[in-house]
Each structure stands twice: as C-alpha cells, then as structure tokens.
Amino acid sequence: MVNTNIRPDEISSSIRKEIEGYTQEVKVVNVGTVLQVGDGIARIYGLDKVMAGELVEFEDGTVGIALNSESDNVGAVLMGDGLTIQEGSSVKATGKIAQIPVSDAYLGRVVNALAQPIDGKGQIPASESRPIESPAPGIISRRSVYEPMQTGLIAIDSMIPIGRGQRELIIGDRQTGKTAVATDTILNQKGQNVICVYVAIGQKASSVAQVVNTFEERGAMEYTIVVAEAANSPATLQYLAPYTGAALAEYFMYRKQHTLIIYDDLSKQAQAYRQMSLLLRRPPGREAYPGDVFYLHSRLLERAAKSSSQLGEGSMTASPIVETQAGDVSAYIPTNVISITDGQIFLSADSFNAGIRPAINVGISVSRVGSAAQIKAMKQVAGKLKLELAQFAELEAFAQFASDLDKATQNQLARGQRLRELLKQSQSAPLAVEEQVATIYTGVNGFSDKLKVEQVKRFLVQLREYITTNKPQFGEIIRSTKMFTEQAENILKEAIEEHIELFLLQEK
C-alpha cells in the first residue's frame, strides 16, 4: 500500500520556493496584423511605434523593411517572395535596422544583398557587423583627392584620370563596353593593394558568372568581393545591393585601406526603387520615379571619400555605371548621377561600332579632379594629347566637305588617325603606367607617323614587349621616380628608333 502521508509543511515550503524563484519579466513586443500582401509589398495594421527603415518579421520567418507609415497602416517591402505570408497573420517589429556581417573573409567570395554567400563555398566567418545604410564622412574627415587610381586604359589614365576617393561615372548605351571598362579597372588593381567590390544589380546571372570567371582566371578574386542580385531577385534586394557593397567597402576604408567599388548599374537600382515606390502608392514624379530618387543615389555615392590623415588616409573610389537610351544623357537618372559624381566617362555606340574600343568619347568625357590624380610622368607626356585629339575631331568633320587640303592639314589628320589607333586596347589587357607613358610619347611626338594607320596598333604592342625585355631600366625609372626624366626619355627614344627599323624590315 502506497504511503499517503503528505506533510503540509513540505508542500508549503516548495510552493514558497517556487514563488520566490519567479521573476516577473514582461516582454513588450510591437505586433501588427497583415492586411494585404502581394507584389513584394505587405500592408500591416498595428505596429504603431515602428521606425522608418526598421526590420519587421513575419510569422513564416520572412523579413521586410517598414518604409511607409500611414495613418491607419504600415507599408513594408519584403526581402523574399512572401508566398507563404497569409492575410491576418501576425508581424512583429524587431527594433533593428538592416545590418550585414563584415570581415576580411569576404574577399574572393560572391554574396547577395544580405551578405550571404551564393557561391557554394560555405559560410563566411565574421565577428562584427555594419549597418547597410550609414552616414557619409563629413567635410572634416575628408581630404582632397591626390593619388591616381590607375585603370590600365590609356584613354582614361591620360585624359580623364581617376583619383583614389573620386566618383567617376561610366555612362553609355547598352552593349558599348561599360562593364568591360569597370572589370579592366579591377584587373589592373592586382598588386596595387586595392580592395575591389563589384556590385551587379538586376543583371542576367550568366553575365555575372562570366565576370566572376574572368576575375578567377586572372587572379583578381583574391582582392575582390562580388555582390550580386540577378534580374529575378525581389526589387527590395536589388535596391539594397549597392548599399551592401558600400558597407563592405567602408569596412576596409575605415581600416586604412584603399577600395574601389563598381555599381553595375544604377539605372536598374532606380527601376527597382521605382517599382517599390509605386506599389507602396508613393506619388510618382518625372518618368514615374519617386521624388526622392536623387537622394537614393546621392546618399550612396557620397559614401565614397578620401579619408583625412587623422583617419588613416583610406579611400573608397566609386564607379557607378548608368545606361542611356539612344545616347540621351539628359534623361532623369543620367542627369542626376552626372550632377552627383566628379566626372563621367561617356561611351558612344558609334565609336564602338566603328571598332574604336574602349569606345570612349574623349570630347564629352571629363574628370573634375583632373591632373591632381596623375603621376608627374603622365602629366608630362599626356598634356598635348587631349588638345590634339579635339583639333583632329574638328578637322575631320571639316575635311568631309573640303576636297583639297593643304599639307599641314593633311599631316594633322594623319597624326590624329594614328593617335586614335594608340588609344585602342584589347579587353582584359590593362597596361602598366610606364607602358602607357611609352605609348603616348610615341604617338604625340610623331614617331608613328612613318607607319600606315593599320600598322600602328601592332607596332605599339611589339614596342611595349621590346621595351620590357630590352630596356627594363625605363620602367624602373618611371616606377621609382614617378617622373619622365631626361634619362628615361633618351632610353625610350633609342628603343623606339631601334624597334621602328626592325618593324619596317619585318613588314616588307
């Protein structure tokens, strides 16, 4: 028989212990209800105290961002497809804003807009995080741009130089080689101690894979992070991708390193933002873009900077890409981004189709930093180049109507055609600065005038090889002194004269 002798004092003491151990903890959660969901947008009732840009979490685990606070509901954009979110389900405010983990381990990886790996190489270890949207450096924490960011493309480094901490727009129609200019610049940073971030927004996954492939083949992934949101990604993630890229680049910039970030391209980000805004029923403005589309891009591009010496002189150079329709630079997004950036590289479809590649229109491309972002050697040889090309373009237009031209004009036209050849380069073949100096010197000083126009490009390729193998001291002088000294000029003249004889003999 079971002993049923229960002692009341034992019961009361155990109850007393339970009561003493009880902590009255009230957890306040801001909860709302889904009124409507669809097209990547959710309207939520409740959530009274939600902040603009705060993350909200749905019952199925989907995360959204609260963007619209109206009198009776909150409009949130979803960071997923939202197919399993049901009307009437609950939503809770997280009290956080969008943040991403950051670390050196991101180098060589392909991630999405939430900094999650999408390259199948496993998780990325990270000990700290940064907000996706962070304020741009103030005036005191910046200094003026003075170091060159070499792109490896003669046309840019000689006439439209880019400096570390500058924002240089690459603009042109589709299929004019905008991405090629950007990727060549990344390839040229090998060994320059520059961290590169390539942000692909709303592109075909195959195009992104091709770019990543090129980087891997050329060993550029060692210092590059790729942030990709393909065309089939939700608009919210396409809109966030550039800010994620900027946050990753800032992590390195504030650690006294130099970074280069490419946004490919901001037209697609603006379209994703327009889609979100229209679905949130925000009033449309010009070209149906919302009123704050300028702020969308200005707050992104203002994060590029050259840090002051107190902050360690790190830098973040931004190259946004914008696509134009039929060369119309006066559309809304192109004019906005032109006014925010420190210059633009304009790629023309006509030049591209005429076989001038990179198809840079030197006439209307500018760099508002200018020669401050060039080494002395480049300033010395490239000074006359832009002027000569501009005069040639003017003469060429005139020569179409005139039949008999005097000898001086014919010579100027011949020189101009050869200078145009000198600017042509193959894709993924960036040139070191000493090779560029040698190439420009050859053209500007008339050494290539003896050659036929179609021989110029081949001659210059061989000349660069000849100098590298037979006159290595030329490259050493330019690299060490950053100046085009008299000694360097004599070595170069000698090399050109020797090689021109060889070349003309071979061609016969």
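Quick reminder: no glycine exception, Cβ is built from N, Cα and C everywhere.
Source: prediction; values computed, not measured.
What Swiss-Prot says about this one:
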BINDING   G172, D173, R174, Q175, T176, G177, K178, T179  ATP binding site
SITE      S365  site 'Required for activity'
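Shown here: features listed in Swiss-Prot, placed on the structure.
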residue	record	DSSP class
G172	ATP binding site	strand
G177	ATP binding site	coil
S365	site 'Required for activity'	coil
Candidates Q175, T176, T179, S365: member of the recorded positions with the richest Cβ shell (10 Å): T176
For D173 (ATP binding site), what is the tally of other C-beta atoms lying within 10 angstroms of its C-beta? 18
Tell me which residues of the chain lie with their Cβ under 8 angstroms from that of G177 (ATP binding site), as long as they are six or more apart in sequence? L347, F352, R357, P358, A359, Q427
What other residues of the same chain, not counting G172, D173, R174, Q175, T176, G177, K178, T179, have a CB atom within 8 A of the CB centroid of the ATP site? E323, L347, A349, F352, A359
Within 10 angstroms of the C-beta of G172 (ATP binding site), the count of other C-beta atoms across all shown chains comes to 27
Taking each of the binding-site residues R174, K178 in turn and counting other Cβ atoms within 10 Å of its Cβ, which one has the fewest? R174
Rounded inter-Cα distance in Å - G172 (ATP binding site), S365 (site 'Required for activity'): 11
Cα of S365 (site 'Required for activity') to Cα of D173 (ATP binding site): how many Å, rounded? 15
